[in-house]
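These notes concern the structure reproduced below.
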Amino acid sequence: MDQETLPRTATEPMPAGDSDRFINRELSWLAFNSRVVAAAENPRYPLLERLRFISISGSNLDEFYSVRVAGLIGQARAGLALRSSDGLTPTQQLGEINRCARALMETQQRVLGTVLAELAGAGLTIIAPHELNEADRAFLDQHFMERVFPVLTPLAIDPAHPFPFVQNMGLVLALKLIRQEDSGVMRALIPLPAQIRRFIRLPDPSPETIRFVKLEDLVILFLDRLFHGFRLAGSGLFRVCRDTDVEFEEEAEDLVQSYETALKRRRRGAAIELTLAADLPDDLRTLVIDEVEAPEDQLFVEPGMLGLVDLKEMIVDDRPELLFPAYTPRFPERIRDFGGDCFAAIRNKDIIVHHPFESFDVVVQFLRQAASDPNVVAIKQTLYRTSRDSPIVGALIEAAESGKSVTAMVELRARFDEEANIRLARALEAAGVQVVYGFLGLKTHAKLSLVVRREGSAMRAYAHFGTGNYHPITARIYTDLSFFTCDQQLTRDAARLFNYMTGYARPEQMDQLVYSPITTRRVIAALIDAEIEAARAGRPSGIWLKLNSLVDERLIDHLYRASAAGVPVSCVVRGICCLRPGVPGLSENIRVKSIIGRFLEHARIAVFANGARMPDRENKVFISSADWMARNMDWRVETFVPIHNPTVHAQVLDQIMAVDLRDDVDSWTLGPDGVWTRVLPGDPPVSAHEYFMTNPSLSGRGSALRGPLTQQQRDQIRYRKTFLTND
């Protein structure tokens with residue numbers, strides 16, 4: 001693929017003012033979504049996967065507007081002059097967002113047009129009503145009357161029928177109708193329910209031909225069933241995005257009831273963005289704009305498709321050649337070596353599981369075994385996000401019903417999962433689980449399980465520390481780490497952290513575990529300072545980071561100081577990055593890359609040289625639930641877990657981090673001007689995701705791997721010298 005970049009490059013030292021030290025957070029997020037859209041242009045990816053990337057980018061942009069843009073609009077309306085890290089006021093940020101978002105939307109539509117054209121060449125099409133044959137119309141007639149007509153609500157708009165409330169992300173068909181008996185004009189709306197599929201698949205004899213009809217076209221096709229005696233004079237879609245940020249009353253006597261009330265308010269949030277189809281007649285456009293009352297600068301006229309998130313409905317299973325090859329995650333051989341006994345495997349040695357390349361089933365099995373094991377006396381579990389029919393929740397309920405002491409720390413404020421978490425909390429309570437909701441003013445984002453088991457005359461604790469949610473569905477596509485241990489110090493620390501979450505009892509000490517909001521920031525600062533001292537003393541130094549977001553100004557400034565001292569810093573940041581790398585006099589020793597590929601990068605890893613070249617057994621390695629953002633350091637409960645076991649240490653350092661740094665197939669690099677440039681594949685090309693799919697992990701190999709790593713084994717997974725931070 002040709003290199004993608006912008007022509008700007010920084011050749012002179014940049015002044016170290018705030019606006020030059022930091023990249024704007026919101027614009028960095030839009031740049032991330034642009035990389036997602038660029039993935040849809042990647043000819044290496046199968047066509048339906050490219051369509052999926054467009055759908056994901058649409059969903060991302062919807063959430064961005066409903067949360068981030070909504071917050072800035074609220075600040076601007078309130079007259080707040082709060083400035084971003086790069087010195088912009090809310091109004092200035094909204095102007096820049098508007099400019100970048102419009103360009104992004106144009107790119108989305110252009111790429112969508114290309115992908116749909118290529119899909120048509122492969123036999124998968126969206127067809128217009130005039131392309132339907134008699135058999136198609138007969139099928140759609142029945143489909144409409146049985147599945148669509150009963151749930152549609154046509155709404156006339158006149159003094160007796162006021163303009164209705166349009167739900168968040170609601171797609172509405174606006175109509176201009178002519179009454180046939182007197183030529184009178186009527187305007188009407190038909191909200192298209194989200195519960196109905198937007199793309200209706202037509203029956204075809206072979207999957208080699210797949211045809212879809214859009215719901216809005218189906219409604220127009222049978223409009224006479226809804227408005228008999230009228231003819232259509234004009235129509236078009238519009239879509240409303242509403243403010244979904246919600247403030248919870250932390251001091252309420254009944255926290256759950258308070259949250260339910262707040263969630264009802266969210267459904268009627270202020271309109272933040274209004275997108276109108278370009279073919280919407282002028283008089284209907286004026287009506288919609290006047291009634292919806294979205295900000296004037298957040299009105300978008302779209303000549304292409306509205307509601308790109310719905311494109312995911314076109315991703316069918318019966319055209320496997322248009323999808324990524326099916327991949328079955330490996331189950332760790334280490335567990336199999338012990339007959340599926342998770343506790344025996346963990347007692348033998350710590351184990352880390354690399355999702356989705358290794359199955360999330362091992363996490364489920366760990367908790368199911370705990371639930372059914374008569375020697376297990378207690379289970380403690382955090383829950384931030386999980387699936388509707390979660391096997392994790394099922395295991396906790398089974399354990400409680402069998403008489404075990406079960407505690408679940410359920411975070412009610414996981415954005416867009418609040419209602420689901422309220423439901424599961426009630427289900428857990430009904431089964432006898434002790435449910436707690438954590439801290440007022442703090443979100444519990446740590447991913448932690450603790451199982452206490454009677455073994456002989458003693459009690460032994462087993463812990464699971466994760467970087468991702470206990471969600472078996474997202475675990476199929478998110479890259480995350482699950483660390484299992486029965487180390488006495490770590491499990492004791494886990495128990496202390498649970499006591500902190502349930503009883504507000506701040507631990508007097510922690511043996512190994514670092515946690516937010518108390519010690520993470522301080523420990524990270526000390527680790528960076530140690531690298532600065534090593535560099536100044538002429539000893540090996542270096543920092544490797546793998547994060548979703550790098551935003552915190554204080555930590556970024558600390559990395560700048562490390563760079564100035566000569567510490568080489570390499571960062572793999574999937575999403576937002578406010579740090580400017582490669583700026584002479586500020587960050588010339590810092591490199592930042594991003595991997596956007598088949599799987600969503602989600603694990604958080606931090607590595608510090610600790611006086612040794614990298615990678616080396618002496619390097620300090622941590623995995624974490626926390627990104628480097630102020631909220632993760634100061635306003636959330638998070639874990640920052642040291643890795644000591646040699647095999648686990650080698651897997652995280654020599655295998656995962658090394659290969660991520662080496663990837664040149666799905667990678668982008670960030671320049672000092674804030675521009676992301678696609679990395680050109682080498683010869684041979686290196687894909688981190690393909691490597692992890694085809695190479696067993698070191699920790700999970702069990703009997704296939706005995707003893708410490710040999711130098712040859714380390715060399716086999718060594719990254720290319722171009723990414724070596726200690727050259």
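Glycine too: its Cβ is placed from the backbone N, Cα and C atoms.
The active site, phosphohistidine intermediate annotation in Swiss-Prot covers HIS445, and the record cites sequence analysis as its basis. Within the same chain, residues at least 6 positions away in sequence whose Cβ sits under 8 Å from that of HIS445 (active site, phosphohistidine intermediate) are TYR384, GLU411, SER625, ALA626, ASN632, ARG636, VAL637, GLU638.
The number of other CB atoms found within 10 A of the CB of TYR478 (ATP binding site), across every protein chain shown, is 19. For ASN60, TYR478, ARG574, HIS602, the entry in Swiss-Prot reads ATP binding site, with the evidence type sequence analysis.
Summarising the annotation, Swiss-Prot assigns Mg(2+) binding site to ARG385, ARG415 and lists sequence analysis as the type of evidence. Counting only same-chain residues at least 6 apart in sequence, those with a Cβ under 8 Å from the Cβ of ARG415 (Mg(2+) binding site) are VAL67. ARG415 (Mg(2+) binding site) carries neither a helix nor a strand DSSP state and counts as coil.
The Cβ of ASN60 (ATP binding site) lies under 8 Å from the Cβ of ASN33, VAL36, each of these being in the same chain and 6 or more residues away along the sequence. Summarising the environment of ARG385 (Mg(2+) binding site), the number of other Cβ atoms within 10 Å of its Cβ, over all protein chains shown, is 20. Here ARG385 (Mg(2+) binding site) is positioned 14 angstrom away from HIS602 (ATP binding site), judged by their C-alpha atoms. In this structure the residues listed as binding ATP are ASN60, TYR478, ARG574, HIS602; their two most distant Cα atoms lie 16 Å apart. Cα spacing between ARG574 (ATP binding site) and ARG385 (Mg(2+) binding site): 20 Å, rounded to the nearest whole number.
Spacing of TYR478 (ATP binding site) relative to ARG385 (Mg(2+) binding site) is 13 Å (Cα to Cα, whole number). Sequence-ordered, the extra residues of this chain that approach the ATP site, with Cβ no more than 8 Å from the Cβ center of ASN60, TYR478, ARG574, HIS602, are ASN548, GLY575, LEU600, GLU601.
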